[in-house]
Amino acid sequence: MADFEELRNMVSSFRVSELQVLLGFAGRNKSGRKHDLLMRALHLLKSGCSPAVQIKIRELYRRRYPRTLEGLSDLSTIKSSVFSLDGGSSPVEPDLAVAGIHSLPSTSVTPHSPSSPVGSVLLQDTKPTFEMQQPSPPIPPVHPDVQLKNLPFYDVLDVLIKPTSLVQSSIQRFQEKFFIFALTPQQVREICISRDFLPGGRRDYTVQVQLRLCLAETSCPQEDNYPNSLCIKVNGKLFPLPGYAPPPKNGIEQKRPGRPLNITSLVRLSSAVPNQISISWASEIGKNYSMSVYLVRQLTSAMLLQRLKMKGIRNPDHSRALIKEKLTADPDSEIATTSLRVSLMCPLGKMRLTIPCRAVTCTHLQCFDAALYLQMNEKKPTWICPVCDKKAAYESLILDGLFMEILNDCSDVDEIKFQEDGSWCPMRPKKEAMKVSSQPCTKIESSSVLSKPCSVTVASEASKKKVDVIDLTIESSSDEEEDPPAKRKCIFMSETQSSPTKGVLMYQPSSVRVPSVTSVDPAAIPPSLTDYSVPFHHTPISSMSSDLPGLDFLSLIPVDPQYCPPMFLDSLTSPLTASSTSVTTTSSHESSTHVSSSSSRSETGVITSSGSNIPDIISLD
């Protein structure tokens, strides 16, 4: 009967995982909530379980609670041991070993409080025996077999404190533990030699004392992980922790990013005086943490790159085999890939690769630059492949020999294409041919005679949407022999450098050779010059008489001198034809306008003015 009660208490203390293991061992259903699992296990026990099931229950219980009270026969001994355990007041006992044995916690529990272990033991005297044998909380091992992940930028020189469990010693939420360690003279010498003074009185060390915290799990190498409400003091001085990382979504508690802690600046660099570390944290149900202290040497990205090169370059045949595997036709697939294009630009720096690198775990051929990748992880160690966003640890990096050959063979291309047989060819950009548009457009040419041309096009009513081009710089005889399409007459205004008289309005054929054009419909020419920008209103040309060569029209028109251009027109030297009319004013301080219109001759009229350095050219196309 006593064995039954003992087994019943053991089963009642099991968690869901232990209950599932027990029911699975007995061949019972192990799905459902904890209450259902517990009822099945107790029913299994009452119905008379086999000795093998009883042995399994005791095995699970010993695994669940490795250290429990064997009995309460000597209650006075338990009381005295508990009182002596809780009475420790000094944070560090004098007989502590230097190699990391911690002292008792500074927080104590009142012996007769209802929540204290002693009170619970005293109150159990009048209760049944199975209630007195309730197990105590599990105590994790002092030095668990915890392995931390290697840090590529640090070489471990020595272990100062082996991984030690942060044991919960009371029922209070906030716990505190103390650890001590000492440095040897050789370790102190190495730290002092590596010291570098920075601006502002700061000091930097390449040989560092490094504190690491992680979960006390032995299943796999652990990453750095901090408990909640962590507070670290080194030799009584508060150590600044990294800032909180932004939460992934609202409603989740912020956590600090896990990383090793460099406590060298707070360590006593002496072999005669030990160093003390105080760690306080908030306990969590189901989570135990471990701490350790190491002496490490910090490395740079250049050192890691040199080590990566010393590992050697991977044979190009491995990459060719991977290419053939990717381009091998799948008989079940309707789409077959016959070629594979790969860029020679680094996805990190957007520049040409210099040291092509990728991880062995990656399935893609695209490489990234090893130097840039190491520099990026030196600033913020993430070790994520920039191509596929998967883990790419330093230990899995390789230098691709095939890409090394490609980069050495062609230095002027940024992309290549792999064929099915593993060969490759460069992908050079195609030069687009310059195509001349079939639709004509207005063309402006500058020459020695025309310094600043400006063309104005007047279209006829018959072809308002059609725009023709007149090239004023063509001097070859081939243009004269061919009959170009019909063009309209143009009037050019240019500055004559060798004019014998200054300020004279002259009409002369242009020295620029132009194609012959046909006459323009008179209806297309405006009857007056009011459409053009002139500083005064004038009389229509048709109403002027050709026998008035010396009449000054400006004296008859009231004009404000400040709006007149500074042109001095003295004489008129141009032949008059039957269909053209010329009006010349010879005022020395006034302005005049010369208009030439011809319907029977294909020539250009040039109005020359030396009063301004910038000529105005009007092309009527």
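Cβ from N, Cα, C; glycine included.
Residues annotated as SUMO2 cross-link in Swiss-Prot, with a large-scale study or a structure entry given as evidence: LYS46, LYS249, LYS430, LYS435, LYS443, LYS452, LYS489, LYS502. The domain 'SAP' annotation in Swiss-Prot covers 11-45. According to Swiss-Prot, the domain 'PINIT' annotation covers 134-299, on the basis of sequence analysis. As annotated by Swiss-Prot, phosphoserine applies to SER476, SER477, SER478, SER499. Summarising the annotation, Swiss-Prot assigns region 'SUMO1-binding' to 467-473. Annotation comment: Swiss-Prot describes 19-23 as motif 'LXXLL motif'. Summarising the annotation, Swiss-Prot assigns zinc finger to 331-412 and lists sequence analysis as the type of evidence.
Cα-Cα distance from LYS249 (SUMO2 cross-link) to LYS46 (SUMO2 cross-link): 49 Å (rounded to the nearest whole number). Across the range of the motif 'LXXLL motif' (19-23), the DSSP-based residue counts are 5 helix, 0 strand, 0 coil. By the criterion of other Cβ atoms within 10 Å of the residue's own Cβ, the least surrounded of the recorded sites LYS46, LYS249 is LYS249. Mapped onto DSSP classes, the zinc finger (331-412) shows 22 helix, 18 strand, 42 coil.
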